[in-house]
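According to TrEMBL:
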ACT_SITE  Ser793  active site, nucleophile
ACT_SITE  Asp941  active site, proton acceptor
COMPBIAS  406-418  compositional bias 'Basic and acidic residues'
COMPBIAS  564-573  compositional bias 'Basic residues'
DOMAIN    755-954  domain 'PNPLA'
REGION    394-418  region 'Disordered'
REGION    504-548  region 'Disordered'
REGION    563-610  region 'Disordered'
MOTIF     759-764  motif 'GXGXXG'
MOTIF     791-795  motif 'GXSXG'
Amino acid sequence: MTFERGVSDSTAYATEEDLEALRSNRDFTQFVLRVATEKLEALRTTPEYWQIKHSKRIFHHLCECGKIAYDRCVKRTNELCSNGNVQVALAAVECFRQAMLTALAVYERKFVDFLRMISCSLGTAFRGDLLQTLHGIVDRFFEDGAELEVAGEKTIHGLLVCLEILYTSEGLEITHLNGAYSWLQDFCVNHKLKVKSLGIVHRILFDLRLKTQTGAYFDTVSMLVEKKYGQIHEEELAPSFALKSISSITVESALMALCSVTKQQLDDVEHFVLRTNSVLGRLKIYGQGENDEYLHQLKTIERSMCSQLVHIMSVATHLANTQLTLGTCMDALLKLLISLYGCLTNLAKHFITRHAVAAVSHDSTKFNLVIKSSKPLAEKIYLLFPHIEENILGQSEEGGGDDEEAPRKSTTDAKRNREKVLRQTKLIPKVVFRIETFNKFVLLLSKKTKKDLTYLLHLGTVRDFRIREPALVEAIRKVCDGQPVDETTSEFGDLADLDAHDEDEDDAAPLVEKPSDSTAGPAPSKSIGVEESQLDEQESNTDLTELGNENLALKNLALLNEKSRRRSSKKRKTADATAGDAENAERVAAVPEVKKRKVGGGSKKGSTSPKINKRALETMNEVAAPLAKVTTTRTLGPKRSKGLAAKKAQIFKIKHKQHSAASQSRSNQSQTRHALLDLRRQAIPLERQRQVLYELVQQLERSPSEKAFAVQEGAIELLKELRHSPDPAIVDSARLGLTLLGYVGPLPGQGIRILSIDGGGIRGLIVMELLRKLEKMTNRRIFDLFDIVCGVSAGANLVCALASEKNVTLDECIHLYKKTSHTIFHRPSTLDKLAGASRLVSSHAYYDAEMWEGLLKKHVGYWRIIDTSKLTHVPKICCVSTTICDQHIDAHVFRNYTFPLNVQSVYAGSHTARLWEVVRASTAAPAYFGDFQLEGQLHQDGGILYNNPTTVAIHEAKCLWPNERIQCVVSLGTGRTRTKPSEGKDGRKIVSENFLAEASLSSSWKTKFLRILDSATDTEATHTILSDLLPPGRYFRFNPYLTEFLSMVEVRPEKIAQLERDTNEYFKRNEDKFELVAEHLTRKRNIVHQTYDALRDAFR
């Protein structure tokens, strides 16, 4: 109450002069704000039995306090700071923050009402006004590059915290979050932050990106972090954008926020792994054949998980190549790597378990990309470990102090160094263990699936730690005893004696000495090789005065191992050169006598037998061995065989092919770039523009792999502009080009409208009659009512006829369907039946396939299915067939669209087939028309697998519009019966118990094939599953009951008339249901969604 009366303008308990004097008192205002902040914070810690969450009075006071703090102070933050009242502004922002936290913690359900009351806005735009005000305050602080004071920095930090509270609450809608993300992204791009506390902006930005956007983003952020810290292994980086906010001061907060958001993504993937295990359990219980939708759901989840993991591993690869400082940042990275490889291991285990239930396809699930991405990541991790070790060993304690305190300080430093080494390296073994565990399960999966995945893995290397124990003991003893190391005599005398034969070409470089009191520099060493001279220079640059005893011993040990490795390498090179010279073979045959001396110069008593350097002796024996007469210069291995030469030739061919492919890709990219630049010219002639655009579309068709490059070069934006050209040829080419690039425009309705048409031969007339009724009810053409139409067999015939260049209507389709069916299926004479039986034996087709193809070419046409995308009235259409081979059968989808980048359907498909070929492939029913060969594949009727293609249509629609909800799904069947048909008639749907006995008495091949095919074309099982899964009021299935179930080849006029009567009666009984469907299909997209679509399309 005191805060409300003291600050609010509406309270008049004194004269204006007294109130102005009171409110202008800076100390008094700060005191009131601090007291209000403490009281608001105390509300969150009140006992439960006080029941303040149910108190309307306290909620009203809380809203009034928040409103006054926001309206009187927070809104005027820039004015207060410019007038010198920075402390007042800071206290007001803190009060406002505590009010928001209290409202969110105590009155979470009323948080939207709280925002409405404090924003002082009318209508529903209070959230946007509140965000816009806070964004404007922050922007004005950074205008003209003004330097912030300490209190100003704290004020900005408080405002960012308030914004974070708003973003994480449930009071904002997705449109507000999208706007907030755009503002915050622009803020980070344009402003350089020089205060560490303001690094909180990166955490807010990454969380908003995770909530509102999709696609690769964090890999670019990881590149920026990598460039700011520095790279362990220098590589060229090309980030797609730059964030000025990631400076040398705030890069640590950006790294921690990036690790946190990546860990959230990994947790989501882990959740989906558990979900896939649940789906896999259903498949184990019910079997694969009866639960295809579970298998499709499983593949979709697996593909999403693998795609997400590829992005995450790209981020981890860049971070692993970063020169991070030891401590919190390095620990966060190592913990992230542990979590990542744990997730990868669980995914590999899932695929191993799944292979026993359903075969694993690594290409369709993108698991091969995951394994391929793990190879560079593992390489970077193994390069990170030496970086950590060098930083630990390179850090030294400050020297100084008296000589009397040196032993005590040396002991303390050694203990501190041991603790430091253990603390900084404790996570390294865990990372290595997780990597090797993942590799083990990948190898096991490769063995089970019989597909080699090992070439995609980074197999660990074994390190050579052959340490000379006597030399190590001697070095440690001398350093620990504090003995001075004489540079003129090697610390490891036995090593120098054993390698005496190498002194002419490679003298031992001096080890790091213990610092002495002498100020003179180290004595010059003898002439040595280039590599060891570089090593000596590197060691001499080290500040020796700061090396402790323990670090000194470790440095000497590392130097000793490096010199030993290089000395052995030079011996092998010398041996190769000597063996390659045939004239020196006899001279080398004589083994030179190796001088043997006692280890340590005979210092040990009772030492009678000398110790020999076995490694050096083995090398000399290999050199002295008699040489075989070979045609090559290789001496350390067997004679090269012809197979090795053949293998090299094969490798050369592969590399040449890869080089040619890369050259062709560069050529295609150059052509695409020049075409786009030519089209962007303002003064280009219309004929030239038409020609260039046509060549660009042809280039996209020839090279689908260049799709990503064209999109990156801005081809989609350019083609969208060309759609409005006055030239029809340019408009058609632009539409086709957009389709090939995977562009999917916004929806005209409130969601996705899907039409699915079953197969059924002559019974397809049922579908046409129902669609004609629907057209009359809505006064619109069918293609104007749906966003995607999917058909199989008879449904594919109807879809392609409506989309053909002749632009036929439904009435014309019904007339043509009856006419062509009578021409194909009518067999009145015995001669026709004999000819059909002969064709059935010879080509597995009872009816004349050539006649059928001729009719299709005449009435459906030669247009490619992708060319129908040029027509504005044709929606997305797809038709289903079945491809068969010796191993398996699978669905094949003909589409007039392509998918956007990084989107792939679980169904194989194509878009280049002609319309008559699509219908021929989808209607190639066994024993009716026979198989149809197209593009090297053998196609059969799509109804064999999906006679009800609704699931295929839904999957294709969600691939095209993943962020849109389903508005309406209409599935049209081709008839069913309430009871079993009479026995002994063709085309019955249910096989009786004595079917086998009857089949043995029947000699009609037609009867047998019809019964088998009808049993395979069951559609109601799919309907039962979809009606349970889809939301109520969104899914509609129309499948009329028939008085008599007709065969798919029935063409008798009385039967067709009965079919039409049954359809009309079914429509009358379900007319209210059709009206509901018509109402759903004609709903238009509201203005909010249209605006959102326009903005998303503009900034895509």
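Residue positions begin at 1 at the first shown residue.
Placed from the backbone N, Cα and C atoms, the Cβ positions cover glycine too.
Automatic, uncurated: that is what TrEMBL annotation is.
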Review point. When you measure from the Cβ of the residue listed as 'active site, nucleophile', how many other Cβ atoms are you left with inside 10 Å?
Key: 32
Review point. So how many of the residues in the motif 'GXGXXG' (759-764) end up helix, strand or coil by DSSP?
Key: 4 helix, 0 strand, 2 coil
**Study point:** Cα-Cα distance linking Ser793 (active site, nucleophile) and Asp941 (active site, proton acceptor), given in Å to the nearest integer
**Key:** 6
Check your understanding: What count of other C-beta atoms do you get within 10 angstroms of the C-beta of Asp941 (active site, proton acceptor), across all chains shown?
Key -> 29
Point to revise | Arithmetic mean of per-residue pLDDT over the domain 'PNPLA' (755-954) | key: 88
